[in-house]
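Peer 1: Summarising the annotation, Swiss-Prot assigns active site, nucleophile to Asp338 and lists sequence analysis as the type of evidence. Annotated active site, proton donor per Swiss-Prot: Glu373, in sequence order, evidence recorded as sequence analysis. Under the heading site 'Transition state stabilizer', Swiss-Prot lists Asp445, citing sequence analysis as support.
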Amino acid sequence: MAVLTHGSPTPSGAHFDGKGINFTLFSAHAEQVTLCLFDEQGQERQIAMPARTGDIWHGYLPGGKPGQRYGYRVSGPFEPSRGHRFNPHKLLIDPRTRALEGKVGDDPRFTGGVSQPDVRDSAAALPKCLVIHEEYDWQGDKPPAIPWGNTVIYEAHVRGLTQLHPDIPPELRGTYAALAHPALIEHLKTLGITTLELLPVQFHIDEPRLQKMGLSNYWGYNVLAPFAVDPDYASGREGISPLRELRDAVKALHNAGIEVILDVVFNHSAELDVFGPTLCQRGIDNASYYWLTPDGEYDNITGCGNALRLSHPYVTQWVIDCLNYWRDSCHVDGFRFDLGTVLGRTPAFDQHAPLFAALAADERLSACKLIAEPWDIGLGGYQLGNFPTGFSEWNDQYRDAMRGFWLRGEVPRGTFAQHFAASSRLFEQRGRLPSASINQITAHDGFTLLDLLCFNQKHNQMNGEENRDGSDNNHSNNFGCEGLVADAAIWQRRKACQRALLTTLLLSQGTPMLLAGDEQGHSQQGNNNAYCQNNILTWLDWGSADRALMTFTADLIRLRQQIPALTQDQWWQSGDSNVQWLDSQGQALSDAAWEQGCQQQLQILLSQRWLVLINATDHECEMHLPEGEWEGIPPFGVSDHAERLTTWRGSAHTICVLIKRD
């Protein structure tokens, strides 16, 4: 018969010390916490936690070993109007578990209990927490420590990036192991990618609504266990755990000089709204973990049914501990925070919020690359430019300005230039560096680059929501024909804009983020919200990749790394050597010229040597070049002999870079 001794309130979670397992669980409002141990046959033993220190319940299991399955039952008041939803009939997952065994199905035993406790026991249906204790030989692994000024981010999904790669063994495709495969690493190195940003690899589940439709949460933002590696992306090879496989991938990428950033989800949990499943925090301490309205309802500022209360001292520490676990255990180099405004809610957004202060005070985490998606859907949720020093931010204003300039002819060149210069009005006056602007034309959420040029309307019918989901504000242009089938003239204009947008992204000041597949011409058939499409719609089709576009993109990244104005991560100042803004005649743009409607032509001289020529009009133009001898540079052509170019004739929707001869 298992007996728990008092144990210790630290360390948090379930930890094997060589002689037994120490268990801890936070709950400020519980009246009793019961540890539930399960054997291999699923038989349950319930043991009351024998000690409480402050709000930490704890106990020690002598002789306990790694592999022990467990969960919790928590007793206390069921008073929804006060935010309390305790129910000992529901087995609960440890919010700090580092592994889970099993999946969460659409089981009615998880739901119910909206106005009164549901008495159906959920233990048989719930995945069990696993105590793990895995040693790992990092073999001297060190972080690549890429300076922000040299950083080029590649946003990718583990499965989508590798599932159809012909040079990766079939049994490894779609897995963490595929990320470590030489063929994938060679692609990243050839492109010039410095930093791989992975969509969530934390343990996530599929919403009941999707399960009923036979779909799944492909993107993975419905996180249940943020400390646990998602086993869905593991190869299942004997003797190799999901954690080890991810570690192997990070080590291989580091050996190639490539950083790894994880997209993490701390804005909401997989328990959804009041009608959602009771799996974890709702039953452990609902009032502490979630933002609630005065009458106890969930304050749905995320659009996902609930919002985590990250200003609570314990919840703040839970996030910090989780980030440090991923950093220490998996050697990741940074984090991208989904719906990042929630991180600073107190409940209003505050640059000095507890979580921001804790991140700044943590030497290890403050040295990581930290990236915020600077919005949520709550009051005051749009916070682009307002995150504290140490954060970079996804810049949707850059995205919309560049799309509008090239595809809609509705953005004046002054606005274009301001965002080309790392959206300086947003970041410079707030003491941030240019790298704080994460520039993007596309991301996982929205059209791919090719679809941006082929579809004026979203086509999300496969998502099962009658095309209601996804944004209608895409700033796209199909050039007169909806879809991928079009005549040669339309495709010529599309391809010109495709290259112009890639060039703009990769030669703008700030930190560029390239969506995986955009360099290949990947299409999602007009679906701009493919969160539930775990199929060939989202998987990159390496067999039909546009090789010429891949070469073009690689040449652009190499060019970027040669231009000091783009890599030194310092603001451009009027009159310095970093930048000169010129008109189509090669003359400095006057203040009046900046304000002349939607002028779509300009020249940008970077570091006194690289001349970016821009014709975003729908007709050919001729530009007079500044004084000097100019020649083409890859990927824009190379002169076979010395030639003094005085003019440049540019086709519609084109951009070109020339280099000044010494």
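Quick reminder: no glycine exception, Cβ is built from N, Cα and C everywhere.
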Peer 1: Express the distance between the Cα positions of Glu373 (active site, proton donor) and Asp338 (active site, nucleophile) as a whole number of Å.
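Peer 2: Between the Cα atoms of Glu373 (active site, proton donor) and Asp338 (active site, nucleophile), the distance comes to 5 Å.
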Peer 1: Least buried of the recorded positions Asp338, Glu373, Asp445, going by other Cβ atoms within 10 Å?
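Peer 2: The recorded positions Asp338, Glu373, Asp445 were compared, and Asp445 has the fewest Cβ atoms within 10 Å.
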Peer 1: Given the residue listed as 'active site, nucleophile' and Asp445 (site 'Transition state stabilizer'), what distance in Å do their CA atoms have, once rounded to a whole number?
Peer 2: 11
